[in-house]
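For 41-289, the entry in TrEMBL reads domain 'G-protein coupled receptors family 1 profile'. The annotation transmembrane segment is assigned in TrEMBL to 25-48, 60-81, 101-120, 140-164, 196-225, 237-259, 271-291.
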Amino acid sequence: MKTANHTEVTEFVFQGFSNFGEHQLTLFAVFLALYIPTLAGNIIIVTIIRIDHHLHTPMYFFLSVLSTSETFYSLVIIPRMLSSLIGLSQSISLVGCGTQLFFFLGFAITNCLLLAVMGFDRYVAICNPLRYSIIMNWRVCTILASSVCASGFLLSLVQAVAIFRLPFCNSLIEHFFCDVRPVLDLACATPVINDILTLVISLLAITAPATFLFVSYVLIISTILKIASTEGRKKAFATCASHLTVVIIHYGCASIAYFKPKSENTRDQDQLISVTYTVITPLLNPVVYSLRNKEVQDALRRVVGRKSLP
């Protein structure tokens, strides 16, 4: 491994959206317009679920954990990206970059695992409804939520430490935040062990839960199709449709980002994919999964109505 000049790299500089030139202010306005409802929506969801006792169920418990994780996930990336678009600091220290990578991966992996746990919750509710309250008791829910968070940040820590033990020979990141591949590209050389580690973590964080979700939904759909009444089938499908939408987009973007061959990478393509899973995907949870949900809407009306009373 070449080590020349790596001691001179004390910070990285984001090139971000420099290719877009005069359109950066437009991008700032667009991303800010998407970020504000994302932040507000997730905070509203967590608050409503906490306040309204009708939503104190395993499904909404996991949803509140996901909303909390999505909020911090977007906070790690978007504010710095917005500041770069209006010409503020585009540099970040090695420690700052490592910290951003750690928290970004930690929350991203946690979200992937949480979606799998939420799929398991729907599987038990539909395929084994009589034992649902026994299987998905609060102790089990707490253990599952704690386990996925711990697993997410443990895998993230391993990945971040492995990357930032490498010597770096370049300081220009062709990206708008410290993601795995853009940072690895700055290393003087990338040992095979880093590529293997990245693949293993991607398999554990994306492929394994996606496979679990696929099997769960095959069983869920087969059970729903056996329901005699049309109304019953519609209601069962409705409880899964939003979750499935978020799952497909979330895992689809993650798979493209982390399993695409390096030879196919282009800067603009990578940034477009990254915008999808850092800006747009976090908006799906409050808009698609939650605020369109009738129970959440009813809870919101109850809370607003309660506060409007004298």
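Glycine too: its Cβ is placed from the backbone N, Cα and C atoms.
The stretches the transmembrane segment (237-259) and the transmembrane segment (140-164) are not in mutual contact, being linked by fewer than three Cβ pairs under 8 Å (pairs 6 or more apart in sequence). Outside the transmembrane segment (196-225) by six or more residues, the chain places 108-109, 112-113, 115-116, 119-120, 122-123, 126-127, 152, 155, 158-159, 162, 180, 184, 233, 236-237, 240, 244, 247, 251, 254-255, 258-259 with a CB less than 8 A from a CB of the stretch. Recorded stretches compared: 25-48, 101-120, 140-164; the one with the most Cβ pairs under 8 Å to the transmembrane segment (271-291) is 25-48. If one looks beyond the transmembrane segment (101-120) by at least 6 residues along the same chain, the residues whose Cβ comes under 8 Å of a Cβ in the stretch are 59, 62-63, 65-66, 69-70, 72-73, 76-77, 144-145, 148-149, 151-153, 155-157, 159-160, 163-164, 177-180, 183, 201, 205-206, 209-210, 212-213, 216-217, 243, 246-247, 250-251, 254, 277. Averaged across the domain 'G-protein coupled receptors family 1 profile' (41-289), the predicted model reaches a pLDDT of 86.
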